[in-house]
Amino acid sequence: MGGPHSGPFLLFHVLCFLLTLSEVGSQNNKACALRCPPKSSCVNGSACRCAPGFTSSSGEIFTDPLESCDDINECGPPSPVYCGSSADCQNTEGGYYCTCSPGYEPTSGVTTFQNESENTCQDVDECSSGKHQCDNSTVCVNTVGSYTCHCRQGWVPKPGIRDKQMTTICKEITFPAWTAPPGIKSQSLSAFFERVQKMSRDFKPAMAKTSMQNLVESVDDLLKSSGDLESLDQSSKHVIVTHLLSGLEQILRTLAKAISKGSFTYRSLDGTELSLVVQEQGKGNVTVGQSHARMLLDWAVAAAAGESGPSMVGILSSRNMEKLLANASLELDLEKLKETYESPVRGAKVMLLSAVSSVFLSNTDTEKLDSNVSFAFTLHKQPELKPRQELICAFWKKDSNGNGFWATSGCWKMGSGNGSITCQCSHLSSFAILMAHYDVEDPKLALITKVGLALSLVCLLLCILTFLLVRPIQGSRTTVHLHLCICLFVGSAIFLAGIENEGGEVGTRCRLVAVLLHYCFLAAFCWMSLEGVELYFLVVRVFQGQGLRKLWLCLIGYGVPLIIVGISAGAYSKGYGREKFCWLNFEGGFLWSFVGPVTFIVLGNAIIFVITVWKLTQKFSEINPDIKKLKKVRVLTITAIAQLFVLGCTWVFGLLLFDPESWVLSYIFSILNCLQGFFLFVLYCLLNKKVREEYHKWACMVAGNRYSEFATTTSGSGSGHNQTQALRPSESGM
């Protein structure tokens, strides 16, 4: 079969077969190229495959001619490529690569790599390498992979800029401006603020601790030798206290920002203590302690909102504020106290038992804290609590006028022991421990006082009308009695209407009431002394019965108390008026402007009465004594002594009433004060026969009695028939 031509023939057939296959493949490739989308290749006549790094919605191989091949994000979910620590994956079209994160660089020098094993990234210290962008007012601090710009020591971020940022810009700390409160004139206060201004001019952040010490010493000097501050009125003193506490808090908070982290404590020679703790923000409790007070709070409370720098907690405790805080008012929860004492509470007198401790934080929004703050205050006085007294945790609250007062809202006492009181508060301010003595209104005593004084006023008015209208008793002693009753009537009316000082603020009305009461009661005692003088002229001056003229009686009875009150008001006008009562103030011995003259009058009258009794004894022992005149003088002496006893005893208790320690004294004074008018009416009117006869006449005239004239005639004849019997009752008056 094989011939010489068989070989070439076979080769020809093979070449023809290969050519046929080539033409078929060329036709198939031409068909895939027309049908597969970009980023893909033909698999066969009916399928395409996406290029590496791309995929379709149907997978790597697809048959739908409308499919497309999209880039695969190898750096994203669900299975991102892990380039290793401090490196980031960067996706590219159809692939990816790894680079070091910002703040890092490869030690190999190759900037891109494909997997974790090729990662050689390490942190770059921008601060030492000079690659940072920090302002000159800040210090560069390297962090892992980055850096931050911190304010220099003694510098703070500019307004609106946060600390510890790459863009932080700072300014140097300055001493805050602090001037004297407006409207208060005081040389001591002016000298203090001149020292503050000098501190401000010389201040350097590096000397912040020294500036704090100098400031505390300056405040001590101001309060220790207060000078003309003591002569200021109560309201001005409280304005100064409010101004000092708020200003110290602001300045110490500012200067503390210039102190490095840690704690700082300073105690002045006068016992004022300053304690500070400065540290980075964090969580957990922190305790700040000193001899006057200790404080426990959550450190998160101390941080100021929007600030990333260190936080600060401080306490300034001073016992020298006590003078300026004298007679400060206390804001009361009257409804709660009414339930406690089962009677209305009109006010409270407070006593400061601890140092005044001002608390300040980096956080200035402390009116409502996220967590309560606990305090333990050391008591420098250990009083024994009496009824209507209690120890309270109080804080100094500023009002809208720049004044201040004690308040207790948001603070409560937790316990006591070892000479200290534990409190909790939901806000921060200046705190202290007070002993409050509540003025609990006694409804029974109030009723007795009002009804009794009304009765006394009626009796005094009857006495005044009697002394004016009953002619048979006219004389110098009746003149004395008339003006005595007038003074007591006016004084009792003012006492009933205005003795209580509502609101606790000593104003013009309260001072005027105190001045009028001072004058009226001094005048009453002066007229009582004039009765002793009348007895002196009647008994000692050989029974001539010639006393002082009416003009001299009025000059002495009204002029002497006017001089005393005028001198007192001119010397110390602020001595009139108290927190609870419109009466003389106990401070500075001002009460002696009333007690002194009264004591002198009582002692003078007592001496006159002793001399009178001695003279009467001598007269009765004579051979032929004038019995009628002697008995008359005896009656006058007895009534004068009784009058002195009632008025004197009333005001012995009255002086104690304005600072009561016992309800017994209040009841005794109220009863005696109410009986004054009734006693004088009985003594000088009802027990006097001539007055009773005049009353009888008036009664008959009012009743229209037809037999009034006959009754008068009968009464006259009866008195002539029984002269001795009728005379004795009228003259004795007892």
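Backbone N, Cα and C atoms are what each Cβ position is placed from, and that goes for glycine too.
The feature domain 'EGF-like' is assigned by TrEMBL to 71-110 (among others). Per-residue confidence over the domain 'EGF-like' (71-110) averages 89 (mean pLDDT, predicted model).
Positions annotated as domain 'EGF-like' by TrEMBL: 123-161 (among others).
Annotation source TrEMBL lists domain 'G-protein coupled receptors family 2 profile 2' at 445-688.
Long-range neighbours of the transmembrane segment (451-470) within the same chain, counting only residues 6 or more positions beyond its ends whose Cβ lies under 8 Å from a Cβ of the stretch, are 478-479, 481-482, 485-486, 488-489, 492-493, 495-496, 670-671, 673-678, 680-681, 684-685, 690-691, 694. Sequence annotations record features per position, and here TrEMBL assigns transmembrane segment to 451-470 (among others).
The list of residues near the transmembrane segment (482-499) in space but at least 6 beyond its ends in sequence, with Cβ under 8 angstroms from a Cβ of it, reads 449-450, 453-454, 456-457, 460-461, 463-464, 467-468, 509-510, 513, 516-517, 520-521, 523-524, 527-528, 531, 553-554, 557-558, 581-583, 673, 676-677, 680. The transmembrane segment annotation in TrEMBL covers 482-499 (among others).
Feature annotation from TrEMBL assigns transmembrane segment to 511-530 (among others). Counting same-chain residues at least six beyond the ends of the transmembrane segment (511-530), those with a Cβ under 8 angstroms from any Cβ of the stretch are 480, 483-484, 487-488, 490-491, 494-495, 498-499, 548, 553, 556-558, 560-562, 564-565, 568-569, 573, 576-578, 582-584, 593-594, 597-598, 601-602, 604-605, 643-644, 647, 651.
Proximity of distant same-chain residues to the transmembrane segment (551-571), defined by a Cβ-Cβ separation under 8 Å and at least 6 residues beyond the stretch ends, is recorded for 476, 479-480, 483, 515, 518-519, 522-523, 526-527, 530, 590, 593, 597. Per TrEMBL, the feature transmembrane segment maps to 551-571 (among others).
According to TrEMBL, the feature transmembrane segment maps to 591-614 (among others).
Per TrEMBL, transmembrane segment is recorded for 635-658 (among others).
Feature annotation from TrEMBL assigns transmembrane segment to 664-687 (among others).
Per TrEMBL, region 'Disordered' is recorded for 712-734.
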